[in-house]
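Okay, so here's the structure we're looking at.
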Amino acid sequence: QGENLLYCFEVAPAQPALTQVTQCRTEGSTRGLAAVPRLALDVMACEVLRVLQLTDTALVPVTYLVPRKSVQDFHEDLFPDCAGTLPATSAQAWWAGDSQQQVRKVSLHPARRPTETFTSPVIACTTGPTDTDRSVSTGRWGACRGGSGYSSPSSLASPGSAATSLSASTAPSSGFASSPSQKSLQSILGPSSRFRHAQGRVLHRDTHLTNLRGLSLTTPGECDGFCANQQRVALPLLSAGGQIAVLELSKPGRLPDAAVPTIQNGTAVADLSWDPFDPRRLAVAGEDAKIRLWRIPEGGLRETLQEPEAVLRGHTEKIYSIRFHPVASDLLVSSSYDMTVRIWELSAGREALCLQGHTDQIFSLAWSPDGKKLATVSKDGRLRLYEPRRSPQPRQEGPGPEGSRGARLVWVCGGDYLLVSGFDSRSERRILLYRAQALPEGPLSVLGLDVAPSTLLPFYDEDTGVVFLTGKGDTRVFLYEVTPEPPYFLECNSFTSNEPHKGFVFLPKTVCEVREVEFA
C-alpha cells in the first residue's frame, strides 16, 4: 500500500521457488488490491489475470495477457478447469461429517460455461423460527448472487484503454501449475536475461564536469564525438584550427568561464582516440588526411599544445576513423575516403600495411579481441573480415545492413561473433548478429529496434555479455544480453536520460565501483 509498483512472480515447488516475471508501474499509488475471479476473465483474449487497483480517486483494472498467435481459439493450456460456484456440501452435512471436500470444477471455455447458480437462504432471526420464518428461509434472495453471477462489465472485461495494459511479454503465473503436463512459464515466454534488472543511474552532480562551452557537434557520424580514458577526456571544440579540450576526470565541477588550455590540431577533427596502453597519448585524425599524435603532460594540460609528437602521412583523402590495436603497443588502424584501410607502426612513424578491397565509404572498423582479425562494414552493404598478417585482401565477405545511412560493428561472445548496428531499407534501426567464421551465410538473427535518424553506437561489456546501444541525439540507451544460442538477444532494462546526448563513451572497467556492483 502506498506504492506504485506491481510485481508478478512465478511460484514453483523446486528451486528457484520464486522467479520474477514482470513489474508494472501504475499511475497512482495503491490503496488496495483485489484479483478478479477467473470466471470473469476474457479468456479469448488470453487474459490470465486481472487485478483491480484502488487509488485515491479511482478503481483501475490491470490486465495480464499471454501472447499467442491465434486469439480465435480457446487455449486449454492457459485455462485449466477452475473451481465452480456451486458448494460441494451444506453446512449441516459438513457438521455431520460429509467427506465431499472439493468444489466441482468447471470449464472456462465460453461455450461450456455452467448455467446453474446458487443463492444463500435468508436468515431472518436467530431465536426459534416460526412457520413464516421457515417459509422465508426456504425462499431465494435474488440480490445475493454467487460467483458465477459476476457479469463482466465491458470496461473490466476488455483489456482496452481503461486497463493499464502490460507489454505483450507480460504473463503471470496463476493457472499454470495445476498439472505437470502444462507448459511452464519459461517455455511460454522464452528465456530471459540474467541482467534484465540492470539499472542505469546518473551519478551525483558532484561528479559532473559542467559549463562546457563551444563544443563541436559536427564530428562525422563515424566518430563517437569525443573520447575518454581512466584519467581524462578529450572534446573537440567548434573554434577554428581544430582545437581539442583535454579535461581531467579527477577534477570534476564547474569549469571556469575563461578559456581552458587546448590542443591546437591545425585542422578540423574527424576522429580521436586515446592509446589504451599510454594514457597520455592521444591520436587525432584530421580532415587533411593526416594523423597527429599528441602527448599530454603529467597532471594534464596547463598551456596550449601546438606541436604534435608525430604526424602520420599516407592517406590521400579525409580520414573516417582510427582505432588502436587491443593487444600490441604502437599499432593504429585508420580508414579513409580514399577507400583504403591502413595500419601504422607508431614507434617507427610509418605505414606498415594498406588493406584493399573496399568499393565505397567505410562506416566502421573493429579489431577482434585477440587482435588477429579486423572487420569492416561499408556503404556498399558488405561486411569484410581481414587477417592483416596473412593478406591485404579480405579473407571473408558477407551481406551487411541494407540501409546506406550508417553502420557500426563490435565483436561479441569472445570474438566468435560480430554484432552490427545499421538500418533497413525503410530506415528502421536494427541490430544483426553474424558468426565470424561464416559471414557469407548472412546474419543469424536480426532485431528491429525503432525508427530514428542517428546510427546506434554499440558498446559491448565482455564480462556480462551485455551490449549497450544509443545514438547521438537519443535519450534512450538499449541494453541486450547477447548469447551464442537462440534467441541471441535477451532484452534488459533500458536507460532513459532527461535530455538528448551529443555523445556517449564508456570508461575502462578499472574505474567501476565494484562494491556497488557497478559493471559499466
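Glycine is no exception: its Cβ is also placed from the backbone N, Cα and C atoms.
Note that this is a predicted model, so its numbers are computed, not measured.
Among the features that TrEMBL reports, region 'Disordered' is placed at 112-191 (among others).
Residues or ranges marked as compositional bias 'Polar residues' by TrEMBL: 127-138 (among others).
The compositional bias 'Low complexity' annotation in TrEMBL covers 150-175 (among others).
Annotation source TrEMBL lists compositional bias 'Polar residues' at 176-190 (among others).
According to TrEMBL, the domain 'DUF1899' annotation covers 187-253. According to DSSP, the domain 'DUF1899' (187-253) comprises 6 helix, 18 strand, 43 coil.
Over the repeat 'WD' (312-354), the average per-residue pLDDT in this prediction is 95. Sequence annotations record features per position, and here TrEMBL assigns repeat 'WD' to 312-354 (among others).
With a cut-off of 8 Å between Cβ atoms, the residues of this chain six or more beyond the repeat 'WD' (355-387) that come close are 221-222, 320-321, 323, 325-328, 333, 335-337, 339-343, 393-402, 404, 406-411, 414-415, 418, 420, 422, 434, 436, 439, 455, 462. The repeat 'WD' annotation in TrEMBL covers 355-387 (among others).
Taken from TrEMBL, the feature region 'Disordered' covers 385-404 (among others).
Here TrEMBL flags 393-404 (among others) as compositional bias 'Low complexity'. Taken residue by residue, the compositional bias 'Low complexity' (393-404) breaks down under DSSP into 0 helix, 4 strand, 8 coil.
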**OP:** Please work out the helix, strand and coil residue numbers for the repeat 'WD' (355-387) from the DSSP assignment.
**Re:** 0 helix, 17 strand, 16 coil
**OP:** Could you tell me how many residues in the repeat 'WD' (312-354) are helical, how many are strand and how many are coil under DSSP?
**Re:** 0 helix, 24 strand, 19 coil
